[in-house]
Structures are given as C-alpha cells and as structure tokens.
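Some features that TrEMBL has for this protein:
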| type | residues | note |
| --- | --- | --- |
| REGION | B:5-72 | region 'KHa' |
| REGION | B:73-140 | region 'KHb' |
| DOMAIN | B:98-168 | domain 'K Homology' |
| DOMAIN | B:194-417 | domain 'Metallo-beta-lactamase' |
| BINDING | B:His243, B:His245, B:His330, B:Asp353 | Zn(2+) 1 binding site |
| BINDING | B:Asp247, B:His248, B:Asp353, B:His605 | Zn(2+) 2 binding site |
| DOMAIN | B:422-547 | domain 'Beta-Casp' |
| REGION | B:580-638 | region 'Metallo-beta-lactamase C-terminus' |
Protein chains: 2
Amino acid sequence: MSAVDRQLEELHETITEAVPADISVTEVKYEGPELVVYTRDPKRFARNGDLIRDLASQLRKRITVRPDPAVLSRPDKAREAVMRVIPDEAGVTDLDFHEDTGEVVIEAEKPGLVIGRHGSTLREIAQEAGWTPEVVRTPPIESSTVSNVRNFLKQQREERRDILERVGRQIHREKMSDEEWVRITTLGCSREVGRAAFILSTPETRILVDAGDKPGSDDVPYLQVPEALGAGATNIDAVVLTHAHLDHSALVPLLFKYGYDGPIYTTEPTRDLMGLLTLDYLDVAAKEGRTPPYDSEMVREAINHTIPLEYGDVTDIAPDIKLTLHNAGHILGSSISHFHIGDGLYNVAFSGDIHYEDTRLFNGAVNDFPRVETLVLESTYGGRNDYQTDQADAEAHLKEVINETVEQDGKVLIPAFAVGRSQEIMLVLEEAMRKGEIPEMPIHLDGMIWEATAIHTTYPEYLRDDLRDRIFHDDKNPFLAEQFNQVDGGEDERQDIADGDPAIILSTSGMVTGGPIMSWLEHLGPDPKSTMVFVGYQAQGTLGRRIQSGWDEIPISSGGGRSERLSLEVDVETVDGFSGHADRQGLEDFVKTMNPRPEKILCVHGDERSTQELSSALYHKYDIRTFAPKNLETFRFV
Amino acid sequence: MSAVDRQLEELHETITEAVPADISVTEVKYEGPELVVYTRDPKRFARNGDLIRDLASQLRKRITVRPDPAVLSRPDKAREAVMRVIPDEAGVTDLDFHEDTGEVVIEAEKPGLVIGRHGSTLREIAQEAGWTPEVVRTPPIESSTVSNVRNFLKQQREERRDILERVGRQIHREKMSDEEWVRITTLGCSREVGRAAFILSTPETRILVDAGDKPGSDDVPYLQVPEALGAGATNIDAVVLTHAHLDHSALVPLLFKYGYDGPIYTTEPTRDLMGLLTLDYLDVAAKEGRTPPYDSEMVREAINHTIPLEYGDVTDIAPDIKLTLHNAGHILGSSISHFHIGDGLYNVAFSGDIHYEDTRLFNGAVNDFPRVETLVLESTYGGRNDYQTDQADAEAHLKEVINETVEQDGKVLIPAFAVGRSQEIMLVLEEAMRKGEIPEMPIHLDGMIWEATAIHTTYPEYLRDDLRDRIFHDDKNPFLAEQFNQVDGGEDERQDIADGDPAIILSTSGMVTGGPIMSWLEHLGPDPKSTMVFVGYQAQGTLGRRIQSGWDEIPISSGGGRSERLSLEVDVETVDGFSGHADRQGLEDFVKTMNPRPEKILCVHGDERSTQELSSALYHKYDIRTFAPKNLETFRFV
Ligand SMILES: [Zn+2]
Ligand SMILES: [Zn+2]
Ligand SMILES: [Zn+2]
Ligand SMILES: [Zn+2]
Ligand SMILES: [Zn+2]
C-alpha cells in the first residue's frame, strides 16, 4: 500500500469517528488540493450544520462532501427539490446534474442568492436534494470564451477527475528529503521585459511560475535547461500563472506539448483570459505566416489542467508548499503568488505585474502578508525617472482631447489592449458622458475588446468593490451603457462609422501591430479632423511607436503581398497615466508599506537600467538586500 | 550517416590527400580526444619525419598513427627490432604487444632514452618494427597501486577502446545550440571546506568539476539536483578531477553507480592516487561499520573511464570546450583546470587546491594563462589573519623539536597524510640528516605513506624540477635513502621500534582518526620522553585536534567494542608551515601576479568567514568582482 493510500485510510477512519454514528462514510479520496468524502447519507451530512467546517479545521484540509452514487435521487426529482429551495430572483439559467460525482452545477445570474448567508441556501439544497451543489455566475454579457470553457470542462469531466486525483496524490505524497533549502532560478524576464519564467525549488518540489513570450522578439524562456524541462517534464511539479498577459502565459500550453502533465494554479478569470489570448496568439502567428509553437489542442490541455484558486485561499500544492494568490491590481484575475515553504521555513512572493494604487477597474495590489522573506518584484517602470501622470490628470487630458476633436467634427481613434486598458477607458468614457463632461456619442469597440469586457463582467468579484456592486445591478452596470457598440459588421460597419457623426473607437491591437486597428487607420488616418490617441506603452519597433513619434507616412498592406503607403493627416496625441503597471513611485510605495518588509528583493521584469536603478534605490532607502538578476541564475535562500 | 561519421569520412579524405601517394590510410576514428589513423604503411609513415606533426597542426587535432592489423609483423620479430633500437641504458623492464591496435607498450626505467630527442627514438622504433610504441616508467620504488592500475587497464583494453570511441564521438558531435552562455553551479564546497563539486554548463555541455566528501561530516555534494544527476546520468558530459584528495575525489566512483558512463579527465598520478585513496576510503568505512556508498568495482570503473592529460595539453572535451590542466603545487598531479569555452567566448579556471610558493616537492601553482575571465579560487586560508609560518622557519622548528627529543632519548611521532605532507617531511628529514642538522636515525613510515611515496617516484615529471633530476639518478633519489623503513611487520615491528633507540615515525591517519597512528599512540602515548608533532591541519571533532588542544586522557578501543582510557604523557608539539595550501598571503599573491587578471572570482573551499574575508579583500585590493557563493547557487557569465 502506498503512503498516500495509507494516509487516506487513516483519514477515512478519523472522519468515520468524527461524524455522528448514523452517517456513513463510504470513500475518501484526493482531488487536487481537496479531500473528497463520499457518504450514503448526504442529507444528514448537510443537516449537521458545521460538520464539514469542523472536519476541515480538524484535518487542516479543504473538504468536499459528495453523495455516494448508489444513493443519488433521480435528476428530475432532484431538479424539483433544487428549484424549490432557490429563490426566483436568483435567476437560474442552467442546472447540470453529474451522476458520476453527485454534483449539480447551478448557473445563476445572482449566485449570491443560491449560496445564501454563510452558505445556508447551499446547505439547504444538499439537504433537500441529496446532491452537492456548485454555483457559477451567468455572464451578464454573453461571453463565448466563458461558455466555451465551461462546455469544454463539462465534456472533460471524467478525464479531469483523473487528472485531479493524480495531482491530489502528488500533492499529498510523503516527503522524501530531510534537507531544507529554497532556490529561485531565472529562466527569463531578468534585465528584460517579457518571457517571464521562474523556477522555485526545494529538495522536494519544483514550481514553474509563469511561461511567457517576449513581445517584439522571438526569444522564449530557457525552458530546456536541466533545472526546468531539460530534466524531463516530470521534473516540474506544478505551474503557477500570475496573470493572463502573453508575456506571462503564452508558452504555458507549450509545456503540455513537451510532456508536462501536472496542474496549473491560477484564478478562474486568468484561466479564461489565457484561453482567449493564447488562441488569439496562435491565430496571429498563423496569419503572419509563422508556425505556431503549439496548436489549440494544447490550449485545451492547459485549461483542463487548471485548478482555479480564489484570492486568499491557502492551498497545499506540494508536500512542502502552500500557495496563496492575492490581488495584484494589474488586470482581471492578476495575482501576487505567495509561497509558504516548509513548516514555517521560508516565504517567497512573486509580484507578477502589479498596480499599487486603486484604479477604476481594480483595487490596488495587496502588500500585506503573514510572512515574506523574499519578494520577486516587477520593475517595468523601475527607472530613476519613471514617474507617470496621475490618473485624474490623465482622464482630464483624455476628455480635453475628445472635446476638441468633437468640436471640429472628427472622430477619436484609440488603439488599446483588449484586456484591462480598454475596460478602464470604457469606465472613464461612460462616466464622462453620464456627467456631461464630454458629449454623448457612440463608443465603438472593435477586436477582442467586447469579449474581454464580457469576461470581466462574469467575474465581478475580481473588480474594484464599488464597480462590483454596480455590475450586480443590471441598470447600473456601466459596461451595459447604451453608448457601447460592438463592431461585428466588418468593413461595411467600419465604413458607415467612418462616414458618420463624431464617435469614439477603441480598437485592438494596442501597439498597432495588426488587427482591426489597421483598418481604422485606413479609414481615419487621412482625416485631419480626427484624432488618434495613444493611452498605452508603445514598444520599440512597433508601428504604434512610429506613429507616436511623428511618422506621417506608413506602409499599408493592400493584399496580395503588395503594400502601399498611406499618408497620415490625423492628429496624433499621447495620454499618459493609464498604465496597468505601478510607476516608480508605486513600486517604492508598495515596498515601503509592505507588511512585513521582505529581507530580499529580486528586481525583474524591467530592462537592465530599470532593474538596476530600482534595486539600488530600494537597497539605499529601505536597507533591503536587493538584486537585479540575469537570466539563468540561481539564488539560494535558507 | 551521422554527423560524426560524415566528419570522419571527410578527415579520411583530407588525410589521404595530405600524405604521400605510397602511404595508404585504411581507417580514421576517434578515441577520446585523439584522432587515430590506421595505415598499411606504418614504417613509411614513421619515415616521413614531420608528417604526423604537420597533420596534427593542419587538422588541429591530436593524432595517433597505428598499423593496420593486417600488416603487423609477428611480436617476436617486432621484439627484436624494438630492442635493437632502444639503448641498453634505458633499462627496459617489460614489452607488451597489443595485436588489436598494433601498439607496443614499453616499460623502462629511463623512459627518456626510449623517447629520444624530440621523439627520434620512438620514430625509429615505429620505422623498424612497424608497431606503434608507447612508453611508461618502471616505478623506481615498487608500487602495488601503479602495477594494479596498469594490469587492470591491460585486461580492460577492449572495453576501454569502446569507451574511448564513444567518448570521442561525443566530443566531436555536432553543436546543437546557437545560444551562448556560461554558468557555474555550486553543488558543494561553498562557505565550507569539503564536498567539492561544481557544474560548468553551456547550452551544449555540462561538466562536473570534482565530487568529494566532507571530512568529519556525512554531508555529500548536491549531486541529485536537476542541474547534475537529477536530470539523468547522461546530463553530465564529462568529469574533471582537480586532484586526488578525498574532499575532491571520494564520490567520483559513486557517479558510475548512479549510471554515469562518461570520461574523467585528470592527470595520470591523480588517477592512481584516486585509486589508492578511494579504496582506502571504502576500507575505512567498512572497518568503522558504515555501509560504503559504493564498492571497489566502481573504483575500477572510474579508472577505466579516466582519460589522463598532461599539464599544458589543450584538449577538446566537448564541441564547445577545451580543457587544459596546469600545475597547482598542492599534491602530486594536482591541477588548476582551465576551460576555454566557445570560439574565444569565455574562459574559466578552477584552482582546485593550490600552493603558490615552491615547496620541496612541487613547483608553485601556475598563474599564467592565455585568458581567464572567471577564477574559482580555494580559500582554505583566506581569513584575515590566516598567515602561516614560512617553510624555513617551520623546518628549523621541526629540527629543534627532533633534536630535543633525541637528547632525552625519546622518539618522534608525526601523524601525517599519506599523500603530500609525508613526502615533504621525508625530504626535510633526509636533508637534515645528510647535512648533520639532526642525528642519523631510522625514519619509519607506517600506513599508506610508503605506497604513496612509490607513486610519487613513478611520476617525477610532476615533481619540482631539481627533485625530478635527483630521482632520475638512483644514487641521488632522496626517497631511497637508507634511513627510510616501511613498517610492514605489524604490531611486532612496532613494539620493537617502540622499545628501541631514538627514531622518527611518520604514520597515518593525519588527523588521528584511525589507522596505525592509533597503535603508535598506545606505544608512545605513555612515554614522557617522546614527542608527538602535528605538522598538518587538525579539523574540529578529530582526535588529533583534541590531543593538540591538551587532552591528556583519550579513549582507546581495546577490541570487542569495549574502550579503555589511555593517559598521555608524551610531549605534544605543533609545527606550523607545512600546509599544502596557499596561506592568505599566497592567495593574494596568486591573484596579484596572475596573468591576465580575472574579471570575476568566486571564493570557495573555505569556511564562511574565510571566503567572505578573502572575497572582500580581493575586491578592495584589485577591483575584481568577487563573490562568496553559497551551495546550490548558479552564476551566469556572458
Ligand atoms: Zn501583465
Ligand atoms: Zn508582464
Ligand atoms: Zn596485451
Ligand atoms: Zn587537496
Ligand atoms: Zn580540498
């Protein structure tokens, strides 16, 4: 009998003893980080109010109780019982019964009403129906990504349970080593922005944090060194993804092509956004005639291996490591990944990308932890002079530009990233129109912006408190404002818009490197009354950067491999201050107010100058041991 | 056809074109770093004086020419021809004909006379006999180690040729990566003395430098991390052994138990000493009731996989790495390992253990290189105050102690390491007696000292110039002085010596942790007229350290697991200054006069204080970037 089986047998005995005599426990098994308890008496289990919570705290494990398949009521019976308990106002849109696990997945417009106060309604459902309820939100705006992911996972339930059981047994395996050390290896993203990838390793465990690409370059992280996949795909125990931006996520599906078969820990919105962005990444590669490094099947593998965590959940992901994700304030679902290693041995936090101040979309990054000895900190704006306009000034500037353009009867064209900056601008524009600071006019959303917005509204828990509350009420949901129009009529619609009255257009890609913005350039580029407004960072080598720096003639593909030149007459403006990254001040404030203050900081995710200047400043101001690592180095802690 | 086969075919063609038309080339293959050329016309080949040298420089390879087996003359005929050419004074003691390769191994007392001026006699042998001659020295003092190793390698010729061919093909494999980087990973020996083990890695190649144990501890190097054997035994391309001390070599045979099957590059005397010391290491473990980590079969594997290099040989050991060993002045065959990486990309030198000044036994360490960007430097005596008595003072002190002891009719007992310090002391004593500075009396050598001395005399090329010359003449060989007596009569002989006239006894182990010194303690420990003299470093926790620091009662095993206490009446003295390691001044001088001066230095092989103080001093004095790494860190260069 393996050590895990012995452990499960002991847990089975302990639980049997802990529950009342009239509750039978038929099986106990691991599924990912959770302990699943099967019972022939699910209703009695549910009736004993605090039983599960008490068990969880006694065993220090996350516990799910499921009915033994032998005692399941018929789904039609159960459906009636479930619907009897849930109030009508919850707006149930789907019920999905899984006889293999005795779970019923309830999709509802108002999940809170299905859960009830402290989970009381959920318990009542279990008690009445004898099935284990699980709740998801009906997207307030239809999202094909969300529904594709959910349908896919529905089809994959059996394979997924196998994966989860295997992962669960891995997590709870016996410790093999008596030694104690903690190391971080930089596989990318050091003295550069992009190709984020780090290995956190102990004698027991190796965790890969992120696996991204490098925008404007073919460089990929050093995944093939022995510290990572060079020692075989099973050398990596788990992947943790801080957020969905491609410079962190693009190569995650590739891991599965290399034979990786373990879990990905991340938030639910990051999982969905990763799906959206990596599929688009493959699409763009194909359109540009490059061979994509993997195919869409690998994206599905990645989704199937994802174990979603909520902010604040403390989760065992290895015999010696607990992971907790915290809000990073950067994009939807972005997280700071906090690792607690050993029994109080050491704590490491990877910032991922952070925004320290609150924005309209998100609460500012969390910098309060039980313990952190080493922080791996992004340094995008870590340079000595990387201070940004504050958001109020940025918004005023944007409104001014819009008003001037409208006065001369022009249109406003804003290239924007689908995820994050677009939604931030949408919120600014919606409020400005509501308050009469800019005239009411249509705001056209082109590219993936609308889809990304839909994903945002599916996960309001991840948005800033007051925005979340507004989304919960349809009539106050700012993204449902009637000005917003998704451009879904192709070139005809764009032509109509270009020929029409003043309007604002938000279109991808954010750095004018492809996508519908190219078409908008043709429509509006020659129009001296219109304005093109850059609201995000334009990387070296992109067309956006060229236009921003004054080029007035640009190449435009005219089909058939030929290209023409387009003269730009449009007014070009740059509005600073909408970045999703903390600026130099924000980074310093993050560290200054961090609780507890870390002993060591590795400055990464910035160019050589930014990482070194930030490293040096943090050392001198806060007397912390700081480093600006190079790629392929290993730092030992403990 | 593989890339290596294609390469060999091209070499075959090139060589055929380069040699005169009447010389046939039947086969060309790699054996380790050498290119072996088979010919049906070995005599004509030999007659064309500079042909081999010209080919070697044209192809930039080490070349060996061998007769095609089909054209070999009969061994008895060849024997006559060989003996006709070699002058009688060469003192040939054995001729060994290998029909598989057409080589004749000539063992002679004066190898120089078999080689001739610039190899002229060797060429003449080949020319007359049609066999390829190889010369080894007849040990001037019989060494069972040397003869065991030579006999073993004789039996293993076929397997060894297979190994060499496989290694040769590995070395000359096609480069697989376009990337360029150089890294060093510390697997041990960082902020500690012992368990030396480093990985030098490039995108193409991973070299393990040393694999030792840690005296007075069970700690072993971190060989199981993915950077080393955790990624599989084939992850390591080659092992380089700086010298035979167990803190560098003890675990080299273990690698073969773990599945390693590649080459070990080191000097010939280090190979033999490694055999001697690791077999003794297994012996000691068995005697102390510990399970040895491997058995003697693995020591033979290690010897069979060793490719001996001479100081100064520039040798391809991987597609992107050339290795050159240089004298380190520390013990017989000890080397500084210099790696030239890529085509002028980067150069790294590992000092191993060094002694910078000349000693009686060895020339001082080489510190002159074509290029070195990074130096990995031992720091045993790197501490701020680690200055040692100079050798002249140390010798005077030793002679004074001896004279005082003799005057009171006592005996002098010196615990000493078999390899290195013993021979140094032997030279001091022999000279002192010859010059009348101390009285003539027997010098008894107990334990492995005599055997180690025999190995020293087998390789006089590795000794200090003037000592080498003296060994070449039997009547001047100091190790053959009549005072020296190998104790081979066991306890009876020891009792006789203890009961007899004044004498000096050198006995292992050097730190009084076992071996015959324990018996000598019983004989002489209670004798107030005798003196025990420590001439080497006594580590914390050893009995030697306790006696040195004044213990006057020590436990002595009395057989059957019982132990008694022995009262020490013997006089205890410590004579500093015979260390095999550079002291703080020597380390500074090594760096100060190093040519060229390195850009970076990693200070290792010293305790935390020593490495940090040396690191700091070298930084401040010479403005070199210095580090005191921890174990399990990786540094990136380039
Ligand atoms: Zn990001
Ligand atoms: Zn990023
Ligand atoms: Zn033979
Ligand atoms: Zn040594
Ligand atoms: Zn050493």
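The backbone N, Cα and C atoms fix where each Cβ goes, and this holds for glycine too.
All features noted in TrEMBL, drawn onto the structure.
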residue: B:His243; record: Zn(2+) 1 binding site; Cβ contacts under 8 Å, 6 or more apart: B:Ser249, B:Thr266, B:Thr270, B:Leu273, B:Ala328, B:His330, B:Ile331, B:Gly333, B:Ser334, B:Ser335, B:Gly352, B:Asp353
residue: B:His245; record: Zn(2+) 1 binding site; Cβ contacts under 8 Å, 6 or more apart: B:Gly212, B:Leu277, B:Ile331, B:Asp353, B:Val419
residue: B:Asp247; record: Zn(2+) 2 binding site; Cβ contacts under 8 Å, 6 or more apart: B:Cys189, B:Val193, B:Gly194, B:Arg195, B:Ala196, B:Gly212, B:Asp213, B:Lys214, B:Pro215
residue: B:His248; record: Zn(2+) 2 binding site; Cβ contacts under 8 Å, 6 or more apart: B:Ala196, B:Asp210, B:Ala211, B:Gly212, B:Leu241, B:Thr242, B:Gly352, B:Asp353
residue: B:His605; record: Zn(2+) 2 binding site; Cβ contacts under 8 Å, 6 or more apart: B:Cys189, B:Val193, B:Ala196, B:Asp353, B:Glu378, B:Ser379, B:Thr380
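Note: the Zn(2+) 2 site is recorded as B:Asp247, B:His248, B:Asp353, B:His605; in the same chain, B:Cys189, B:Val193, B:Gly194, B:Ala196, B:Asp210, B:Gly212, B:Thr242, B:His243, B:His245, B:Gly352, B:Glu378, B:Thr380 also have Cβ atoms within 8 Å of that site's Cβ centroid. Taking the centroid of the Cβ atoms of B:His243, B:His245, B:His330, B:Asp353 as the Zn(2+) 1 site, the other same-chain residues with Cβ within 8 Å of it are B:Thr242, B:Ala244, B:His248, B:Ala328, B:Ile331, B:Ser334, B:Gly352, B:Ile354, B:Gly420, B:Gly580.
Filtering B:His245, B:Asp353, B:His605 by Cβ distance to ligand 4 (under 6 A) retains the following binding-site residues: B:His245, B:Asp353. Assigned with DSSP, the residues of the region 'KHa' (B:5-72) fall into helix, strand and coil as follows: 32 helix, 19 strand, 17 coil.
Mean predicted confidence for the domain 'K Homology' (B:98-168): the pLDDT average there is 92. Reduced to three states, the DSSP call for B:His245 (Zn(2+) 1 binding site) is coil. In this structure, the binding-site residues that sit close to ligand 5, with a C-beta under 6 angstroms from any of its atoms, are B:His245, B:Asp247, chosen from B:His245, B:Asp247, B:His330. Using a 10 Å radius centred on the Cβ of B:His330 (Zn(2+) 1 binding site) and all shown protein chains, the other Cβ atoms total 28. The Cβ neighbour count for B:Asp353 (Zn(2+) 1 binding site), using a 10 Å radius and every protein chain shown, is 26. Each residue of the region 'Metallo-beta-lactamase C-terminus' (B:580-638) gets a DSSP state, and the totals for helix, strand and coil are 24 helix, 14 strand, 21 coil.
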